[in-house]
Amino acid sequence: MRGPVKIVATVGPSSSSASILAQMLSLGVDVARINASHGGVEQWNSMLESLRRAEEAVGKRVGVAVDLEGPRVRTGNSEPVKLEKGDLVTLGFMEGDVPVDARQFFETIDEGDIVLLDDGKIILQVESVEGFRVKARVLEGGVLGPRKGVVVRGKEPDLPPLSAKDRRALEFFADKGVSHVYVSFARSAEHVEKVRTVVRRLGLRQARIFAKIEGPSGVSRIGEIAEASDGVIIARGDLGMHYSLEELPEIQELIVWEARKRYKTVVLATEFLSSMIEKPVPTRSEVVDIYQAVLQTADALMLTGETAIGKYPVKSVQWMAKISSRAYKKLATSPPERPRPTSTPYKLALGLVELAESLDSPLVVYSKTGRFAERLASFKPLKTFYVGVPSREVERVVRHLWGAEPIVVGDYPYEAGLAKTYEKLRRENIIHGDETVVEAAWSSERGIYIIRVRNLEF
């Protein structure tokens, strides 16, 4: 058994064909991530078409997450330039050796600041600032291409939550079955709510909003951001450009804890298997990183460059599934302590999870929106639980959740939906007639939750 942790895989040039995607889905990918920072409508549409063909071939529908560019500063569209260590270079607003595309960048920067280009591959130190022109010394050189990220360590320019490209992306994806929107560089609860408002206005009623924690504001305001979001993503690559690397484990632990105590989904991202961009086997430290992430009870692990541009996208998924499966066996023998809820809905969810585990029985529920399933998943059940859902839209949402297996049965009153879920589980030989099952449904007619423990007789 692979275990309850879900795998998010980024679709890119290396994985954009239906045949590659089908292999990735069959090996355990639960959510396909499309990075809206790259490409455009034509490329995104092609990815979605390939994904639909792959789903049809495998017989499995997955979550679809659009990852927005957010308030990111980038270099211009100039030709690649080689920056040598020791060079004094000019950064200007759409001019100079390093053209920068945001005026706000120059309002933030000061003499002595460290500037990181292209995910930290190139490092500069600022020597002087004059309006929209900055002189900086190259500390670590390299070839700088167009549209690369520009970060000032420890600082974040005051940019709007959504770029013009983000708005175009959301308009395109509005009717494409997107289940999750990843909000990049989330800086506050207000930031998250502004994106949620736009998403709802475009008709994405069920799409969940996940905040990506990528900078100092996200870390310092993690409590309010987690409260405003449906989940958080720990983007370790971008965090590593703002903090010293030895701080990252503590920051990761802090974010996981703040999200867990608010019952939010946690996704860990970046560099899990980065060596596999070039090599077919992971390093020992990468294996340990994935193993420890599962023990830390991350709900999902994200592959980025490994599946988007790497040489071994299928093997990357295979290794992540293999390692997480091994870690799950350890987790099952020593489960983590669960938060003790104070609200009735969460007390009910925890009670159901613990009841099913004490009986070693399957847990089956029917959820019209996926919210009940989210509450169950927040307590990290050690066995797969089955969620009857009314539509493919909700199925894609639930697919992202720890341990959840969605079953599309149609839109019914809750008790009827639960019965339909059982019928489908029986037809697919997932639940057998002699098993004791814990079931739960909401009776709108009587205004009560119904919880049963019974031996099924099909």
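Heads up, the Cβ atoms here are built off N, Cα and C, so glycines get one too.
So that you can see what the record holds, here are the features copied from Swiss-Prot:
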- Arg33, Gly237, Asp238, Thr270: substrate binding site (BINDING)
- Asn35, Ala36, Ser37, His38, Arg74, Lys148: ATP binding site (BINDING)
- Asn35, Ser37, Asp67: K(+) binding site (BINDING)
- Glu214, Asp238: Mg(2+) binding site (BINDING)
- Lys212: site 'Transition state stabilizer' (SITE)
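Secondary structure at Glu214 (Mg(2+) binding site), as computed by DSSP, is coil.
The K(+) site is defined by Asn35, Ser37, Asp67, and by the 8 Å test on Cβ atoms against their centroid, the other residues of the chain that qualify are Thr10, Arg33, Ile34, Ala36, His38, Val66, Leu68, Glu69, Tyr182, Ser184. Cα separation, Arg33 (substrate binding site) to Asp67 (K(+) binding site), rounded: 7 Å. Secondary structure at Arg74 (ATP binding site), taken from DSSP and collapsed to helix, strand or coil, is strand. Take the mean position of the Cβ atoms of Arg33, Gly237, Asp238, Thr270, the recorded substrate site; other residues of that chain with a Cβ within 8 Å of it are Lys212, Glu214, Ile233, Ala235, Arg236, Ala269, Glu271, Met302, Thr304.
Among the recorded positions Asp67, Lys212, Gly237, Asp238, the ones whose Cα sits within 10 Å of the Cα of Ala36 (ATP binding site) are Asp67, in sequence order. With a cut-off of 8 Å between CB atoms and residues at least 6 apart in sequence, the same chain places Asp119, Ala269, Thr270, Glu271, Thr304 near Gly237 (substrate binding site), listed in sequence order. Close to His38 (ATP binding site) in the fold, though at least 6 residues off in sequence, lie Gly12, each with a CB less than 8 Å from its CB. A separation of roughly 15 Å, to the nearest angstrom, links the Cα atoms of Asn35 (ATP binding site) and Glu214 (Mg(2+) binding site). Comparing the Cα of Lys148 (ATP binding site) with the Cα of every entry in Asp67, Lys212, Glu214, Asp238, these being the recorded positions, the smallest distance points to Asp238. Proximity note: of the listed binding-site residues (Ser37, Asp67, Arg74, Glu214), Glu214 have a CA within 10 Å of the CA of Asp238 (substrate binding site), given in sequence order. Proximity of Arg74 (ATP binding site) to non-local residues of its own chain (separation of 6 or more, Cβ distance below 8 Å) is seen for Val100, Asp101, Ala102, Arg147, Lys148, Gly149, Val150, given in sequence order.
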